[in-house]
Amino acid sequence: MMYFIIALLCVVSVEANSVNRTKRQSCPEHDIVIYNNCPFTVWAAVHSPIQPSTNNGFRLNTKQKQQIRVPCRWEAARIWARTNCNADGRNCETGDCNAMKCVGAG
């Protein structure tokens, strides 16, 4: 069990930046960058009541990153890594939701 906890801790490095396109925009979108710092491939999942405007499930190879843009009123989400999945992001050993894009309770 401890092995999986350590493995998942190495996965998610998150960087968030505000994207304010105009000075009048009082509620800017935000960019979140998810990095895979693990020495193995992971399949990232993002779940929120208000989904980000981009892909919410994707594969990340070692040292690869993916940026997602979220709307200004995006207040909460879960971001987690799934490991040892099939090529299509299903049947993962950890964090499985049986789909590339996770929906429902997450």
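Backbone N, Cα and C define each Cβ position, glycine as well.
The signal peptide annotation in TrEMBL covers 1-16.
According to DSSP, Cys92 (disulfide bond) sits in a coil region rather than a helix or strand. Annotation source TrEMBL lists disulfide bond at Cys85-Cys92 (among others).
As annotated by TrEMBL, disulfide bond applies to Cys97-Cys102 (among others). Secondary structure at Cys97 (disulfide bond), taken from DSSP and collapsed to helix, strand or coil, is coil.
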Mapped DSSP class for Cys85 (disulfide bond), helix or strand or coil: coil
C-alpha spacing of Cys97 (disulfide bond) relative to Cys85 (disulfide bond), in angstrom: 11
Spatial neighbours of Cys92 (disulfide bond) that are distant in sequence (at least 6 apart) but have CB under 8 A: Trp43, Arg82, Thr83, Asn84, Cys85, Asn86
